[in-house]
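Visitor: Under the heading transmembrane segment, TrEMBL lists 42-59, 80-106, 126-150, 162-184, 196-219, 231-248, 268-287, 294-312, 327-349.
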Amino acid sequence: MAAPPPLVGFVQQRAPGVAVAGFLGFLAEGTAKLVPVSLSPLLYATAFGIAIGNTIRLVDPDMKAMAPTAVGMSFAKRRLLRAGIILYGAKVTFAKIFGIGLPGLLTDLYTVSSTLLLGFGLGKALGLSAALVTLISTGSAICGCSAVAATQPIINAEAHEVAAAVGVVVLCGTLAMFIYPALFQMVPTLASQPRLMGIYTGATVHELAGVVAAGNAMGAEVASTALITKLLRVFLLEPWIIALYYLGIGQKKDGGAGAAEAKAGKGVPWFAFGFIGVATINSIWGISPQLQKLCTTLSAGFLASAMAALGLDTDLVKVKSLGWKPIALAMVLWANLLGGGFLVSRFLIGVLA
């Protein structure tokens, strides 16, 4: 019997795994829309994957039942994830980014750089792995689960490290969604300056969804300023990813798929350049609303599917072995965002307004 054409074989190998990951991603998207609390679909996708994967491990420790999905799961974790990051650029334009002015730009630069520096310093002192420190620091500094997902293939982090990073970053981000509207009501300085509150929120809340939820709870002006400030912070993810690759920050030293690709010259983060390219096209020529909606939908679906695949690969026994240190690191980084972000944004608004 003749072998199937290359394309048919390619699809047949990957279809089972992609179908499982895609279904969990679809389920996560639906759950995020139904649940009143605004949480990222990436959180639900990771959680569903972890729950199913570890349930299977109870009766099948070697995961033999999942063998037919292995190739497709790997495809979802790598290729779909990168495609999702590229299409994420359709949300961004340079005009929106720089519309917040110098106070917003400088506040973003402070929160991102200070959080990364503090994260690497404290993470090393706590004895955490370089990969886990990079994931938590990047997720806290830039854009939560999306930043963790984008960073994983560059540093070749293990699934349980990704799960731990997602968990602690989401914990802090969820608390922030409720705390910021309360601060807006209780702190006169914030209540009387919607632009300050918007910059503060966008520069310090972890998730894009969290910024939207918290901003809308504080009024239209706060919500608009917060979203634009957050988009600039999101844009800083791509230069950081490129730096991670070329400087070797947080990368595994023990080989593996990511390291092998890097040595072969195939690990160049083209998806980061792709993100910048899509954002550039959107800025110069403009992407139509219909195409932008399609790109946003595909991006969300690809990222959710990738995180579901990572969740399925996560062994909770390994996550538990990490102990309290990841939570401590994430909490300290959040305290820096909460306190330092407020002081810097207030100072810059006063000086540069």
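Each residue, glycine too, has its Cβ placed from N, Cα and C.
On this model, are these features tucked inside or out on the surface, and what's nearby?
Guide: Same-chain neighbours of the transmembrane segment (42-59): 21, 24-25, 27-28, 31-32, 65-66, 145-146, 149, 162-163, 166, 170, 303-305, 307-316, counting only residues six or more beyond its ends whose CB sits under 8 Å from a CB of the stretch.
Long-range Cβ contacts of the transmembrane segment (162-184) within its own chain (Cβ-Cβ under 8 Å, at least 6 residues beyond either end) map to 37-40, 42-43, 46, 50, 132, 135-136, 139-140, 144-145, 148-149, 152, 190-191, 197, 200-201, 204-207, 210, 213-214, 217-218, 222, 307, 310-311, 314, 316, 319, 322, 326-327, 329-331, 333-334, 338.
For the transmembrane segment (268-287), the residues of the chain that approach it from at least six positions outside its boundaries are 82-83, 85-90, 92-95, 150, 154, 235, 238, 241-242, 244-245, 295, judged by C-beta separation under 8 angstroms.
With a cut-off of 8 Å between Cβ atoms, the residues of this chain six or more beyond the transmembrane segment (294-312) that come close are 17-18, 20-22, 24-26, 28-29, 41-42, 44-53, 66, 73-74, 76-78, 80-81, 83-88, 90-91, 145-146, 149, 152, 159, 162-163, 166, 278, 287.
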Visitor: Most CB pairs under 8 Å with the transmembrane segment (196-219): which of 80-106, 126-150, 327-349?
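Guide: Of the candidates 80-106, 126-150, 327-349, 327-349 scores highest.
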